[in-house]
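Chemist: One structure coming up, written as structure tokens, with questions to follow.
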Amino acid sequence: SPGIKCGGVLSAPSGNFSSPNFPGPYPYETECTWLIVVAEGSSVLLSFSHFELEYHAACAYDYLQVYNGAARDRGNLLGTFCGRSPPPPFSSAWHVMAVIFRSDRHVAKHGFAAAYQKDACGGQLTGLSGEITSPRYPESYPNDAECRWSIGAAGGGGPLTLVFADFQVEGGQGCGFDYVALFDGPTAAAPRLGRYCGSARPPRTVSSAPHLLVLFKSDFNIGGRGFKAYFYSAGECQEVFTTIKGNFSSPRYPNFYPNNLKCQWSIQLPPGYRIKVFFLDMELEGRSSLTGGCDYDHLAAFDGGAENGSLLGQWCGRESLAPVTSLSNQLLLVLHTDRNTAKRGFSIAYVGVVPMNVSCTRTDFHIQIPVQSLAQLERNRIYLGTPSCAAQVVGGNFKIHTRFDTCGTESQKRNNTSVIISTLYIDFSAGGQEDVHQYEVQCEPKKKEASVTLIAGPDPSRLSQAENLVDAQQREGGETDAHEVKSQDTSDIVFISICILAGLLMVIAVVGLVLL
């Protein structure tokens, strides 16, 4: 409103601010922004002593927003508030915090009063991931300190994981002097998960609920370096998948993901499987204009279950990506976001590529799949072309051995080459949910070369382009036994024998004519 002064930069170590005219009614059509900036390396604790704004279920009229950093970056938004319930105390992840107040042209209330202070310890942490440190870390923490960090979003979520990266607190029997205590809930009345002191890092801790309390206390003498710990939500930001197929997305997708995240999704399938990942949608912060690299927000894929595995790819920006296939039965996807510029995120589907060996002769297909890879399936749920061509169990393998004139095989011309093709069906359907994976098997009889291609996996309507899945391991022959190899070449032996016999008959006929 004209003539109304509000907002500004607050740079003192502590201070107070309030809505215009507080404690009287605030003016209509007003927007105020307060930017709290303290010394770099410090944090800010923000609390509210009074709060009364016009109420709306979605806070669409009058509202107050709190940002963990620069204002209006949706990835830093800690919450939007209205009505009479005051926001919880907030502790910033770094030295900048912003508060925005806005009123519309109807219904004015008394507004709010807030206070902040630098280097405060404890507070309410509501992000999907974040970092907490003892006061003055890595310098020695002060005596007679008591800090409480209550971690967990107001709207709930998944369990929380806390990992200590550094830990040095005064030791003592029973941790009776300085200590860190963890509670499985928002207050110290919740069950205690552990109490730690000394120089040994506490174990990785997972809460049973979407809330976790970290309590730090120091006595009147003898300090230490303190601690640094990271937390993340196991529901949206840390997941492990063991099913043959699945899908997941970045936190809050398709809305903007939060800033300052490190999220991990681990896919772990039985031995022999590989994992194929399909990028259904992706929009992250773009590449650096200086280096051209993904230096800001990015998604990375690693072969295996850890970040020290082979890097399969690293992506950012808005791109249409080709599928990625792991080299082993485990794959790790890691999302890093920085302190600003959030985007829509990503949506991903994956499917486990069943380990199989496909070969052919001039007249036959030979397919074998280890039973342990499909231990939950009956043999009649694995078939070539039609259910009547189901697999047999021979030793430790499901095997299909069929001639080209059966089991739905057909001849086609591809790239001016005659090939024989059929479709292998693996039926994972359960609980009334249809889930049939389809692989096209192909043979070039002249060269006796076979290949297999996934043509229907996690979502056929979205994955229209088939991708060849034959890898070096399969081309090297897998673990086919010697008896099987010999049986595959029987048709060639018969063909050669017929040719030799025909040649002998022709020689006899010619000799007979000469003698006559």
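For all residues, glycine too, the Cβ spot is worked out from N, Cα and C.
In case it helps, TrEMBL gives these features for our protein:
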| type | residues | note |
| --- | --- | --- |
| DOMAIN | 6-119 | domain 'CUB' |
| DOMAIN | 121-234 | domain 'CUB' |
| DOMAIN | 237-353 | domain 'CUB' |
| TRANSMEM | 493-515 | transmembrane segment |
Chemist: So what's the average pLDDT for the domain 'CUB' (6-119)?
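Modeler: Looking only at the domain 'CUB' (6-119), pLDDT averages out to 88.
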Chemist: With DSSP, how much of the domain 'CUB' (237-353) is helix, how much strand and how much coil, in residues?
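Modeler: Taking the domain 'CUB' (237-353) as a whole: 0 helix, 55 strand, 62 coil.
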Chemist: Using DSSP, how many residues of the domain 'CUB' (6-119) fall into helix, strand and coil, respectively?
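Modeler: Within the domain 'CUB' (6-119) the tally stands at 3 helix, 51 strand, 60 coil.
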